[in-house]
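**Q** Below, the features straight out of TrEMBL:
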TRANSMEM  27-45  transmembrane segment
DOMAIN    100-220  domain 'Palmitoyltransferase DHHC'
TRANSMEM  145-165  transmembrane segment
TRANSMEM  185-205  transmembrane segment
Amino acid sequence: MNAEEKTSVYFSCGFYKVTLSNPVEKVAYLIIFHILFVLFVWTYWKSIFTLPVQPGKKYHMSYADQERYENEERPEVQRQILAEIARKLPVYTRTGNGGIRFCDRCQLIKPDRCHHCSVCAICVLKMDHHCPWVNNCIGFSNYKFFLLFLAYALLYCLYIAATVFKYFIKYWTGELTNGRSKFHVLFLLFVAVMFFVSLMFLFGYHCWLVSRNRSTLEAFSAPVFQNGPDKNGFNLGFVKNLQQVFGEEKKLWLLPIASSQGDGHFFPMRALCEAQNPLLANEEQWEDDGIDEEPHEKILWRKLKKVLWQIDI
């Protein structure tokens, strides 16, 4: 077999080798492969090396407040001290017992959706989870990169499996008899399909979280507002939820470039009155994007009718 008859094209970093005779097919395979490979590596790199963002200085307790808080032994007075400090901050979520969310290890008032990571030993803005596969905290600063990493990894595995499958069929039917290549094709197909199935479930789950504007932590434990928990407290509707993660510039959505809305310290809620009144949390019609444009009198009247309706029942 000479070079003019057959040309060996290597796929997936040397995992296996197949022969292609059609030059158009060779070029197409190589272009698509390298585009997916570059995007996959780029998003993986950004997920690993983008540091999680910590709360700003205004959320940290001053030395005087810290001394006053630590010297006070009565829990109710400590809660009052935290409440006084939090009045100056845009903080709306609470602990399970209604207190201000305070991190005693970082000595700061936690912004909404902020959590302390025991692995990184820091408070992370809009923390989703600590991912061992990228050895980093996934939060406000790199959640978009993590989603794109899952998406491109999924497409990468799908492409490898699709291009290998026809050679698997040929070896299975006996059209190709090269024993060593057969082992490589079987191994690569198995690995690509296995990772594709795993990534499909993980990526699908995070797409569902984005559509509801929830983090992984919030999916397991609903955020608590002043008058109780509300799993839909940050749900603004599908389009606005998507823009909050990927930004408003659609040309940047598929690239691992920072474009998320806000700075990670404050997140708009479906409606402030709804977040403070759990009686309205399950009312589907309040999920429309135009809810904030209703007159204040109509909102109060609707709340009053729902309360009276529940009392009658």
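Note: Cβ is positioned from N, Cα and C throughout, glycine not excepted.
All annotation found in TrEMBL is predicted automatically rather than curated by experts.
Could you give the neighbours, burial and distances for every feature on this list?
**A** Along the domain 'Palmitoyltransferase DHHC' (100-220), the predicted structure has mean pLDDT 92.
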**Q** Six or more residues out from either end of the transmembrane segment (145-165), which same-chain residues have a Cβ under 8 Å from its Cβ atoms?
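**A** Contacts with the transmembrane segment (145-165): 11-12, 16, 18, 29, 32-33, 36-37, 39-40, 43-44, 46-47, 50, 128, 131, 134, 138, 185, 188-189, 192-193, 195-196, 199-200, 202-203, 206-207, 210, 245, 254-256.
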